[in-house]
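Here the structure is laid out as structure tokens; the discussion comes afterwards.
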Amino acid sequence: NWWMQGLVNMEPTASLSILALLLLGLSQAVPLMETQHVDITRNILTINNGSRELLVEGDIVLPRTRNALVCPSNNCFWKKSSNGLVLVPFTVSNDFSSSDRSVIAGAMATFHSKTCIRFVSRTFEADYLSIQSRDGCYSAVGRQGGVQVVSLSRNGCVYHGIAQHELNHALGFYHEHTRSDRDRYVRINWANISPTMQYNFNKENTNNLNTPYDYSSVMHYGKTAFSINGQETITPIPDPSVPIGQRVDLSAIDIKRINILYNC
């Protein structure tokens, strides 16, 4: 596997955490990997439609008392260790199968190989991610303090790109289509969005980290997100044919932003 090769060059703590995640039952099915043909945005929104959580933008857990990318105190980010690595403790629910765990481990491995983020198995840390199979695919934005649930429902959320998407929320990133300068790059087609759902397209006061708008971001929703009639709600401009909404892997700009935000 492509991500197994990355384990060779990882720090022992990070690689052992991923290996532990894998060895809890690696004898079962192979990991579920999505392709460009899977409409993962639709998966997220469909599954989350029945969630009991109060969600905004489809998969972000309220309350949102701040914008995680504009955080002067840095309390909404995970802390960097003296060795220059950002350690993010996590636990994984026993509800996940071994193939599910392989998908989650593979998603984490990209962060490990491309950034200074290291997801490590929790020992005694007070602040940590608890990866659970709840009633949807969702996460809070940034470090919340205490136990912080990242939900990857086994009923359609355990995909490489969805796991990366939700983990990236937990690191402090909002959706690309809500960034502060989005109107220069996409057109929001309000007539195709129910008035009760239009808040999901509110712009955020984001720190864009001096990076360009990224149509290929794993954080970008697809063209028909929240559509009431099957027509486009998000149209790239000036070229409407530009594809958006991939959930295959972190883009080059996604990776760059993580490295800038966490000073990797």
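Here the Cβ of each residue, glycine as well, is placed from N, Cα and C on the backbone.
No curator has checked TrEMBL annotations; they are predicted automatically.
The annotation active site is assigned in TrEMBL to E166.
Among the features that TrEMBL reports, Zn(2+) binding site is placed at H165, H169, H175.
The annotation domain 'Peptidase M12A' is assigned in TrEMBL to 67-264. Within the model, the domain 'Peptidase M12A' (67-264) carries an average pLDDT of 92.
Here TrEMBL flags 1-29 as signal peptide.
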DSSP three-state assignment (helix, strand or coil) for H175 (Zn(2+) binding site): coil
Other C-beta atoms that fall within 10 angstroms of the C-beta of H165 (Zn(2+) binding site): 29
